[in-house]
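What Swiss-Prot lists as domain 'RNase H type-1' is 1-142, and the listing cites sequence analysis. Among the features that Swiss-Prot reports, Mg(2+) 1 binding site is placed at 10, 48, 70. Feature annotation from Swiss-Prot assigns Mg(2+) 2 binding site to 10, 134. According to Swiss-Prot, the feature region 'Disordered' maps to 129-148.
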C-alpha cells in the first residue's frame, strides 16, 4: 500500500459536558481536506473519539494512515486499554461498562479497515496539523452554538 494519508484530529468542548466539536485535517499527496462537526451536549473525550472516527471513515479504500492526536485518552485507549476491554465484553478491569463504548467500537471498526500508525503530539504548542484540527473542532462548537 503506497497510499499514505496523514490525519490530524482534535476535539473541543465548552463545558464538560456541554457543546462540543471535532475537527480533522487530512493530507494526501499535498492535497488537504478539512472535516468538522459538533454536538449540543457532549464531552471532550467523545469529541476526540469522533474526530478519529470521522477522519478514518472519510477514506474510501484501505490506506496506510498516520493519525496524529493530542488526546492521551485516545492514545491510551487504542494502544493499551482496548484489547482488554474487548476480551471482557467492553467492561473495565473493575467490571464496569466502558465509557463511550459506542465510539470505541466505531473507532475499532474504522481502524480495522486501514493500517494505522498512531502518533501523539502535545496540544497547543504550535504543531501545524494539530493547530488546524483544533481550529476546525472549535468551528464545530461555534456552529452548534449558532443553531440554538
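Just so you know, glycine gets a Cβ as well, placed from its N, Cα and C.
Local packing around the Cβ, expressed as the count of other Cβ atoms within 10 angstroms, is greatest for 10 among the binding-site residues 10, 48, 70. Within 8 Å of the centroid defined by the CB atoms of 10, 48, 70, the record's Mg(2+) 1 site, lie the Cβ atoms of 9, 11, 47, 51, 69, 71, 74, 123, 130, 133, 134, 137, excluding the listed residues themselves. In three-state terms derived from DSSP, residue 10 (Mg(2+) 1 binding site) belongs to an extended strand segment. In this model, the domain 'RNase H type-1' (1-142) carries an average pLDDT of 96. Under DSSP, residue 70 (Mg(2+) 1 binding site) is assigned to coil, being neither helix nor strand in the three-state scheme.
Non-local neighbourhood of residue 134 (Mg(2+) 2 binding site): 10, 12, 23, 70, 123, 124, each in the same chain, at least six residues away, with C-beta under 8 Å from its C-beta.
Following the DSSP three-state reduction, the secondary structure of residue 48 (Mg(2+) 1 binding site) is helix.
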